[in-house]
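According to TrEMBL, the signal peptide annotation covers 1-19. According to TrEMBL, the feature domain 'P-type ATPase N-terminal' maps to 44-98. Residues annotated as domain 'P-type ATPase A' in TrEMBL: 129-275. Here TrEMBL flags 297-320, 351-370, 903-923, 951-973, 985-1007, 1019-1042, 1062-1082 as transmembrane segment. The active site, 4-aspartylphosphate intermediate annotation in TrEMBL covers Asp416. According to TrEMBL, the coiled coil annotation covers 603-630. What TrEMBL records for 839-1085 is domain 'P-type ATPase C-terminal'.
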Amino acid sequence: IITSLTLSLIHILGFRCAGEEKRVGTRTVFVGHRPVSETDAYVEQKFCDNRIVSSKYTVWNFLPKNLFEQFRRIANFYFLIIFLVQVIVDTPTSPVTSGLPLFFVIIVTAIKQGYEDWLRHRADKEVNKSSVFIVENAKQVKKHSEKIKVGDIVEVKADETFPCDLIFLASSNDDGICYVTTASLDGESNFKTHYAVRDTTGLQTDDDIDSLTATIECEQPQPDLYKFVGRINIYRSNQEPVARSLGPENLLLKGSTLKNTKKIYGVAVYTGMETKMALNYQGKSQKRSAVEKSINAFLVVYLCILVSKATVCTTLKYIWQSNPFNDEPWYNQKTIKERDTFKILRMFTDFLSFMVLFNFIIPVSMYVTVEMQKFLGSFFIAWDKEMYDEEIKEGALVNTSDLNEELGQVEYVFTDKTGTLTENSMKFIECCIDGHKYKDGISEVDGFSHTDGPLRYYGKCREELFLRALCLCHTVQIKGGDNVDGLRVNQECWTYISSSPDEIALVKGAKKYGFTFLGHEADYMKVQNQKNEIEKQRSLNLTTHFECFNLLFNSVLGKFLLFCKGADSSIFPRVQQDEIQQTKVHVERNAMDGYRTLCVAFKELTQEDYKKINDQLSEAKMALQDREEKMARIFDDIEADMHLIGATAVEDRLQEHAAETIEALQTAGMKVWVLTGDKMETAKSTCYASRLFQTNTELLELTTKTMGDSDRKEERLHELLLEYHKKLLQDFPKNSGKLKSQEYGLIIDGSTLSLILNPSQDSSSSNYKSIFLQICLKCTSVLCCRMAPLQKAQIVRMVKNTKGNPITLSIGDGANDVSMILEAHVGIGIKGKEGRQAARNSDYAVPKFKHLRKLLLAHGHLYYVRIAHLVQYFFYKNLCFILPQFLYQFFCGFSQQPLYDAAYLTMYNICFTSLPILAYSLLEQHINIETLTSDPRLKISDNAMLQWKPFLYWTFLGSFEGLVFFFGVYFLFQNSSLEHNGKVFGNWTFGTIVFTVLVFTVTLKLALDTRFWTWMNHFVIWGSLAFYVFFSFFWGGIIWPFLKQQRMYFVFAHMVTSVSTWLAIVLLIFISLSPEILLVVFKNAKRKNHQVRNERIYHNASLLWRGASVLLNTDRLWGSNAPFAPRERLPASHRVIPSCTKKGQKVLTRGTAPIRGSRCISSAFSVSL
């Protein structure tokens, strides 16, 4: 209850996501629950407890809540009503026919959902009951995690997970540093450095930490993982209180893991469902596929048909009975009182009886078959050997089988970057110093080549200054190795750890050229130079500011040097403009190659400058309001007029075939968006490398850099939105008629997204979101960087709820991707290096991003085609089944007399026609998997097979065949004596003939639709027909003791003795299938003509190419691999287009991308195979 109230309060207060400028109040936390002074009375504050609740049900509400959710489905509710009618009213059929399938589905679904929730309960209990140590009265007290309160001092040891959000007070390291991994939060497995409060670093024992008297003022809980504002007031006896600022570097988040540090002490500030991890958790909701929605729409249509049939029959019955001779026989006449009593009630019960009689038009067994098809079909994904990864020894995993067909209808793909598109493995490629490129070709022995000009800056060359910047300007730490007299030996055992893998790559790159970082010692950073000398540089200040990383240290000459490392967009405006051009050329070339680039600059400061800067930063850090803006203004002054040294290029290698996969998805008509928490420049280079952005793509930016001055951010945002909206929606249609229109890509960061989704209340522009969404949908690709986990889910939800409700898919590998995975229609988890949170919360899990291609284009396509055919087929065969029953009422006085025997009514959908369509829906391949994977253009979009046009076609087909069944047999029975001895057949023989034609026709119809025959298809199709014949003989050949009426005794056996019956059955089956047979013949003829035409064109093209080869001697260029060589068939994806007019113009294309080296000979022909 407390958790629910707390969450409700959080939503009422209106917490927003990353980038929000206005905070919602503050909270005061008493460290250790001790008042500031002994005279003050401590009043315990009311905060959320530390319990985590992710389960959906309890023991008490499971049954009513689960039943309510299940009966919200139209089909389940409908069959419940029919079952109750059959129980209450005297109907022609037994309640078992409707109740048994319904209860089977309800019970199985309840067991499945109950088991899944039990797993969530178990996971919650494991977390809540885990042991933690709390310092109370200078002693460690062991408690359950759920017992932690805000203000408790918690001890966490190495490799343990933080049980709540803690302010870092002290660690086992004297320098007050600890290292954590946040793989379960932001997907990054690299080490991140956190710093204890400066005045509490010496409190390394239980007695010392228990003596601390302090209060913490901080903001209220909010979900942004990267922002925290607070301050700690430390009280000492007979001294003035000391106030220190608190930032994200002092906050240890729940879910993070302590690494490379023996233990830490921290005070709890956010607990339970108020932690940042819990606020970023998107609750798991039940997903429904578009096919299920289509089924419900078709179900409404058939319900209308059912009600119409029951209404017509009820009305005509009483019209027919208005004639006294039709109402009752002469031997059983009713009195006037009997005729007038309860007439309306009798009409209503007759209406319900007709509803039950025609109830089989609604395919109750379809839902059971669909569930079986989804469950069994999901095994084909897990069994796919091409989706098995040898590195992790695992294949694909299906966590939910309800969305198999949705894989084939995806329109938007939202993907994470690090660990999903890339391998998160950085490699130093090259560097540029004063415009000169240095790569692997220069060895460590040779050193660096000197640039032209004299050596400058303290007698050191520019190369050494650059290398020192790489060795000193970072957060890298060293793990492992042996210490002997303060020096590390056995350098092969070193392991560099850092919050950023590219920093490790840069340190390793500097080491390759002779400058080795040896770690920290107190306030010093040790570096071994090219002469194997150990240098100690004193670090005085370490700051990270937006895209820049600043290091201020005391140089060997007693002066202060400020090194600044960051993206070119951040460094270039801060350096001398005449130093930019040489380096800019290399940076742009590296960015085009897909490398991550960083620029390095420096500035010399005096003692007075340093003291002034230090005082300004200390004052700004104490602010609880607008801290970021105040510090930004100080950094702008510090970083002005710097000197550019050079730039680096680091490769974040893409996963294998990641670019080809994105290209295939885009060719299939899907739009790919990248949502990442990484920096804009890094993400942009990855997008170029993965072909999300092309070289001709015009990028539109909505970032903090383009927003400009913070005082008019919303005004600037409004201007940019209107500018981009005009360019895309007004100017873009004018260019749509050109041969190749301009492609646009959008880049947005988390802060700007917050302004769009949560504009200030005094903002006059309330339509930001609408304009932004229109811009996004017009762009070919979108990159969202610096995204908080919850913002990723907001982006997915925004697109998912647009007009048309496009099918969305999210894919990621870290816990920071869980929210968007749960929000999308389909969630895919990568079994990567960042833990398995994404894989556990996803609908499907795959080892690599490249497996998404086959999962969507092959498996998804086939699943959709199969289940779409299954749905249409079920409605079709049930319409064929019930239409003769409806027509029969016109010939039996609307007496509700069944046309078919009860056994046939029950077994039609369960036994006679169920297995063939189930086998079809599991095994059918109308196009082979290799073709589907290689040609993305074969994707079926917009739920095309379950639209109203194909539905009406199947309905027409069912109506036509139902009419043929009934009236064909009716005309056969014009002479009821079908045997030479004059013996007359009765009404059960009439119904059995109709039913026999029905079963054979719908089964053979499925055989005509089958394109991929296996032994199982043959077995179930011909076996079902044989079983029907066997059952009919068996059912009518024995006197059943438990039956009161033996109306089917010897009916079938007697029926098949008539030659006329045999001829009628064969003829009616042929007539019923004639439209389908003609359609198949027409398609085959058309396909054959198309093949002949292609072969003729191919032959002409081959001759023309051979003649061109003689004229232009192209065999020297192509060799034996000429695409029109007579001995080699032109691949299906190659096409010669007739658009060139100049000799030598390149025109041969594969898909849409030109193949280099081909030459146009003539524009008189076109080849398309």
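For all residues, glycine too, the Cβ spot is worked out from N, Cα and C.
Taking DSSP states H, G and I as helix and E and B as strand, the domain 'P-type ATPase N-terminal' (44-98) has 27 helix, 0 strand, 28 coil. Counting residue by residue with DSSP, the domain 'P-type ATPase A' (129-275) contains 21 helix, 68 strand, 58 coil. Counted over residue pairs separated by six or more positions, the transmembrane segment (985-1007) shares fewer than 3 Cβ pairs under 8 angstroms with the transmembrane segment (351-370), which leaves the two as not touching. Only residues 6 or more beyond the boundaries of the transmembrane segment (297-320), in the same chain, are considered here, and those with a CB under 8 A from a CB of the stretch are 74-75, 78, 326, 347, 350-351, 354-355, 358-359, 361-362, 871, 875, 879, 886, 889-890, 893-895, 946, 951. Residues belonging to the coiled coil (603-630) score a mean pLDDT of 76 in the model. A contact between the transmembrane segment (1019-1042) and the transmembrane segment (351-370) is absent, since fewer than 3 of their C-beta pairs, 6 or more residues apart, lie under 8 Å.
Listed by sequence, the residues of this chain that lie at least six past the ends of the transmembrane segment (903-923) yet keep a Cβ under 8 A from its Cβ atoms are 93-94, 96-97, 101, 360, 363-366, 369, 372-373, 376-377, 380, 866-867, 869-870, 873-874, 877-878, 881, 991-992, 995, 999, 1002-1003, 1006-1007, 1009-1010, 1012, 1014, 1016-1017, 1020-1021, 1023-1024, 1027-1028, 1031, 1035, 1048.
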